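Colleague: Take a look at what TrEMBL says about it:
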type	residues	note
REGION	1-37	region 'Disordered'
COMPBIAS	1-31	compositional bias 'Polar residues'
TRANSMEM	60-81	transmembrane segment
TRANSMEM	124-143	transmembrane segment
TRANSMEM	155-176	transmembrane segment
DOMAIN	156-312	domain 'Phosphatidic acid phosphatase type 2/haloperoxidase'
TRANSMEM	235-254	transmembrane segment
TRANSMEM	266-288	transmembrane segment
TRANSMEM	294-316	transmembrane segment
Amino acid sequence: MDQRSGNLDPTRSSNSSITAATSRPQPNANSKARRLSSMCSTRDSYIVEKRPTFGQWIKVTWLDILTIFIIGAVAFPVYYYSSPLGIRVFPLDVQMNTSSTSTSTSVIPPSFAYPARPQTVSNWLIAFVAIASPVAVILLTQLRIRSFWDLNNAILGFFYALLISSAFQATTKAYIGGFRPNFYDVCQPDTNHAEGTGNKTGLNGIGFRRDMWTSDVCTTTDAGKLRNAMQGFPSGHTTTMVAAMVYLSLYLNAKLKIFANYHTPLWKLIAFVLPILGAVLLCGTLIIDNTHSWYDIAGGATIGALMSFAAFRMVYPSIFDWRINHIPLNRNVPFDGCSRPDFVATARAGWRSSTRENNNISVPDLGHEGLQVENANGSGTLNRAAL
């Protein structure tokens, strides 16, 4: 076709087509380019291809860093010093005396009567694995990717997931809570012990057959253990571990292209599953050592998984779209819809090749900055650098 009419000659090469497409008048594309240039010239803007100075990085991330400290400063006292929204009551054996006999009616739920046992996995080990494993994997992938902003987004997203999920569960645990499976063993209840309190709450010996009592009947002298035994829901260990491991699996999927446009090797699927398996095994130990009930685990896992999905999506343009879920998002410039294989950690199926056909892949409706052009292979998205 005649190039003066604004159409490309289909017999020309791919490079000639792109050159012609960018040189002829295109009001819409030019306005998009000017808008992009304007956004990139703002004081705190940056490009993901360039490593910033420390001062530039602080200008971009200081608000997030401050928010992290504020949330931590608020969540800590809420968890340790807040009182539940209501006083919990629980059933207890009550001796019923008659003129001729003395009988006992057992109303203790066995789900709260398990023995108190030490945790199978210590708190410090859980924290170490939950933090060190994802950070180590992210750092290792940077040996291949070598992008400061990709590392920045991955690490910040990970701590978003940990922080928000931990604050969420800590607040829920402090104000709602619930009895742990070992509650009665920790409480060591005695109904006669309630007489010394004068039943100030008015909730001792209430309900059907006066079987419901408060923690006033507990004889344990360890107030910290008693409080902990009444804060079972949701499981904090599960929340933290699931948030960390699900985020790690999402990151591995994006960087290794496990669920992508080619048949991946089995070891990548194993790498994707291993973090989730680790989280499941930890949750299992919490049931074995009578620390949590199954619904405590389910609640914590739900919170952790949801927060990890939300955090990953904040720093990458998609969770499961294999075309773009590896690209770190810019804080100030909308995502342009361009495929960027240089942010991938695998070279399988030509993913990191500069001549790979997917470099010009069309990713429609993902942003307003992408410029659609026609090349020898069909329609594609012109990279921002070509504008």
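The backbone N, Cα and C atoms fix where each Cβ goes, and this holds for glycine too.
Keep in mind that what you see is a predicted model, and the values were worked out from it rather than measured.
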Colleague: Counting Cβ pairs under 8 Å to the transmembrane segment (155-176), which of 124-143, 235-254, 294-316 comes out on top?
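Modeller: Counting Cβ pairs under 8 Å, the winner is 294-316.
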Colleague: Tally Cβ pairs under 8 Å between the transmembrane segment (235-254) and each listed stretch (60-81, 124-143, 266-288, 294-316), then give the stretch with the top tally.
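Modeller: Selected stretch: 294-316, with the most Cβ pairs under 8 Å.
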Colleague: Which one of these stretches, 60-81, 124-143, 266-288, has the most C-beta pairs shorter than 8 Å to the transmembrane segment (294-316)?
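Modeller: When the Cβ pairs under 8 Å are tallied, 266-288 comes out ahead.
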Colleague: Near the transmembrane segment (124-143), which same-chain residues lie under 8 Å Cβ to Cβ, leaving out any that are not at least 6 residues past its ends?
Modeller: 150-151, 154-155, 158, 162, 237, 240-241, 243-245, 247-248, 251-252, 255, 275, 278, 282, 345
Colleague: For the transmembrane segment (266-288), could you work out the same-chain residues 6 or more beyond its ends whose Cβ comes under 8 Å from its Cβ atoms?
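Modeller: Contacts of the transmembrane segment (266-288) (Cβ under 8 Å, skipping residues fewer than 6 from its ends): 119-121, 126, 129, 133-134, 235, 237-238, 241-242, 244-246, 248-249, 252-253, 256, 258, 294, 296-297, 300-301, 346.
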Colleague: Same chain, outside the transmembrane segment (60-81) by at least 6, Cβ under 8 Å from its Cβ: which residues?
Modeller: 44, 46, 52, 152, 156, 159, 163-164, 166-167, 170-171, 173-174, 331
